[in-house]
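Visitor: Input: one structure, supplied below.
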Amino acid sequence: MPHKAFWLRCETKKFERRAALTPATSKALIDAGFTIKVERDEQRIFDDSEYEAVGCELVENNSWPHAPTYIPIIGLKELEESDEALPHSHIQFAHCYKQQAGWSGVLSRFYRGNGKLYDIEFLTDETGRRVAAFGFHAGFAGAAAGALALAASSKGEKLGHLEPYKNEKEMVDSVKSLLGGSGKGVKALVIGALGRCGRGAVDLFRKIGLEEDDILKWDLPETAKGGPFPEILDVDIFVNCIYLNSQIPSFITQETIRDAGKNRRLSVVVDVSCDTTNPFNPIPIYNINTTFPEPTVPVEVGAGNPPMSVISIDHLPTLLPREASEQFSADLLPSLLEFPDSRVWGDAEKLFREKLAEAVKVEGL
Ligand SMILES: NC(=O)c1ccc[n+]([C@@H]2O[C@H](COP(=O)([O-])OP(=O)(O)OC[C@H]3O[C@@H](n4cnc5c(N)ncnc54)[C@H](O)[C@@H]3O)[C@@H](O)[C@H]2O)c1
């Protein structure tokens, strides 16, 4: 019988406080007979002691390269750049299957070490839907950032540095208080409202006190007629949460904004989908991704018109590391309990082998 174990590595990306395994999912795995090793990590939102309390074995920070090769290494983000061969199985988001910069070099490390990659982005159920994704909290945090930008702009200010919140309650309370106690009276439109991100955005707006009628929820039927949509100009915050997979008419354009002149209500656009550099981006009014230190980018609105900004942060769930990790890890748990003997992992390994073969060709190995 194979050894049932996982090794939770630390995340080395700056500001990344999320974790692929939480104390709760670690406990469920331990109860099912797994050994869980956890690298000590100050940056992670969960304390080392929370893992220790449920029976995990704590190991040195960033010590996974020396782990026994039979233990799969689990993490979220890309490994640090290096030429070292990778002999372990890695479960993570690797961002190297869509020919991203450096993709074949990353895969060649697995080839040279005879390791395996199970990319979490491609773990899917029978219907092709991802088994675990961070969407809900991306939408939730994006809507919160939008409300904060609205609060700042109503005082003639620009939204300042965003910091991760300890938990959801702290985020909701802070947004409400900056809006003067409640979001009542604010009007928002969420497009892609039936998806993961969209449901998160709607949830945040409800929790900060918007009236139900002031949360417009659009999905495919409402946009079928084709944009641009003047309705977007008549809300305070527009949150785009669609999954873009084909060319569609723009939802809003620089011209529609300029033409609305002083009558425009729209103050903030949050582009959770962040198809910033996609030639079919349905929100062609900005062209950079914004960041936690600089969360907004101004939109060219025409002289004398009220200001407007876009938030296009592509790692929004990091603003809510605890809840985002808890939901993601709970969704991943049923698959982890079956590792590596189920269709999910079999398909993921097959995809890895296909991508590896492409990389081997490109790298001339
Ligand atoms: N910014 C971030 O930090 C962050 C984090 C996670 C996900 N995302 C991105 O958010 C996007 C949505 O992800 P998701 O997990 O919510 O996807 P999802 O598939 O769960 O939901 C997408 C929704 O958009 C709807 N939709 C698609 N095309 C539409 C259109 N033309 N008009 C109206 N509705 C349309 C779909 O019907 C669906 O309800 C993806 O592009 C994803 O990469 C961003």
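Positions of Cβ are set from backbone N, Cα and C atoms, glycine also.
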Visitor: Looking at TrEMBL, which one out of Tyr111, Tyr165, Tyr243 binds NAD(+) in the same site as Arg129, Gly195, Arg196, Asp219, Thr223, Val272, Ile313, Asp314, His315, Leu316?
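Guide: My reading of TrEMBL gives Tyr243 as the candidate in that site.
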Visitor: Cys241, Cys274: which one closes the disulfide with Cys197 in TrEMBL?
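Guide: Partner cysteine, according to TrEMBL: Cys241.
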Visitor: Please work out the number of neighbouring Cβ atoms within 10 Å of the Cβ of Arg129 (NAD(+) binding site), leaving out its own Cβ.
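Guide: If we count other Cβ atoms within 10 Å of Arg129 (NAD(+) binding site), we arrive at 9.
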Visitor: Highest CB neighbour count within 10 A among the recorded positions Lys77, His95, Arg196?
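Guide: Comparing the recorded positions Lys77, His95, Arg196, the most crowded Cβ belongs to Arg196.
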Visitor: Reported as an integer number of Å, what is the Cα distance between Cys197 (disulfide bond) and His95 (active site, proton donor)?
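Guide: On Cα coordinates alone, these residues lie 20 Å apart.
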Visitor: Taking just the CA atoms, what is the gap between Leu316 (NAD(+) binding site) and Cys241 (disulfide bond) in Å?
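Guide: With the alpha carbons as reference points, the distance is 12 Å.
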Visitor: Across the record's NAD(+)-binding residues Arg129, Gly195, Arg196, Asp219, Thr223, Tyr243, Val272, Ile313, Asp314, His315, Leu316, the largest CA-CA distance in angstrom?
Guide: 26
